[in-house]
């Protein structure tokens, strides 16, 4: 084949052997008939079957591969022309409601160039199988090979051998390179098959719960207390992640350490890859959304591939699970265990939590001046993380009874303490509850604004504070919006008094709050109220002892505390209330209450200012401390908790 004799001026469309054969025929001069067979010994080869069994060189292999590709391209172009010819326009009629259009099923290229939108069933079209599209567009060589292997010839038993694909006659070098690419792609496809299976699940969360139970042998719900809101914050979180790459598993401990105070990490493997179970306590409280974004970035997995809930901390079984797995070699633990695990697994803490002491709860409520049942229950429950008695209270089935008993006992102690104090001791005690420093001048300026002489007002206030008979009631009267209620409410608030209302006068017990108060206020007394007081309450206004009816209790004898009354009616000018003139001291506020441009009060009547007012004028009001009390009181703070006796050796 290397001999090129007689092949000069070759044509562009003919090969060398054709020209040689033609020259031989014309130079021999032998007349060969068409019916006569050729001599088999002329060339020295057996030309019977016309098959050359000699070794095929590399050039011929590449030529055959090129010819194969050219034929495949030609066939593909022919098929595309037929599709364009017989399928018609790629546009679908607007009145057609066919979800699976013919052109979109045959060729994704035609479906991609549509200008009109077509409604599709999302759930059924989200993951199309390869059988629905026969064009092969967009599929890699690995996917095509997998498809052929899966759908083999049924006559051959489904052995998956490919027929008429053109790859059987390609060269050895091309096959070797493509085989390496197939192996790499097949490995990658095998790694992602589990993730694709997860994405195809209708309920991913249920699937994750099932996989978690298969891996760890217990339900994820058994370890957590579910949060309905994704915005609720918590410091402790239980996270289960699926489909994690093994390279991330090795570095996760170092990645999570700067963000957490404690981390309990467990790794297992399944068909989807690495599975992570971690109990983590962050340095700051985080919501579920924040935890999902943080761990999703560290683990390089989608947020819907994780189960994130806070742990169930009020369960000894759950705490024991984390404790036992933490000391085994199957887990990696970072930091100190949370107190709720230590509390329920260490014997000393368990014994301390077993008994509840009501006296400690009452002492706490008394020290914090909390007497309302709802406030006691809420505030004391929040101490469960660091107070053993509060923890025992939370574990008790009698919380409502304990709260009620605590509130009753606290009110009894507070009432007895108030009754024991004189008015000057009470004012000093109320002043200790105000931390800020005020100014007494705004109160004096407000009284001058209402045309009230300060010295006469101070003398009347002194008699009122000490409960002098016939001077036990002060009435602030005047037109509306003059600051009567504001002035009296601020004074009652500082002195810790009570407020009664005539709206409850139909009840026999509407005066019952007077039994537990040091001072009192009756706001906005109308004509019927003054009539009622003139008829039934003359003895009370005198400041003399009188009996008060209390609900579910016997009548009690009390001395009415100093009483403030606000009204728009000036009883000093009403003749029909002449019997109240000597019992009620009246001050008139004629001017409107002043405000600045921003709507703030010009004269601030705050607790700090009232504290400064009584401290500044204590000598004029006869409430200053005596010489015996200047060095401090010798009385100890109230204690209702039994103390421990220390025996000396």
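Cβ atoms are placed via backbone N, Cα and C, with glycine included.
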Which range, 86-95, 96-105, 106-115, 116-125, does Swiss-Prot list as motif 'Nuclear export signal'?
106-115
When you measure from the Cβ of residue 559 (SUMO cross-link), which residues in the chain that are at least 6 apart have a Cβ under 8 Å away?
467, 543, 544, 545, 546
Taking DSSP three-state, what's residue 559 (SUMO cross-link) in: helix, strand or coil?
strand
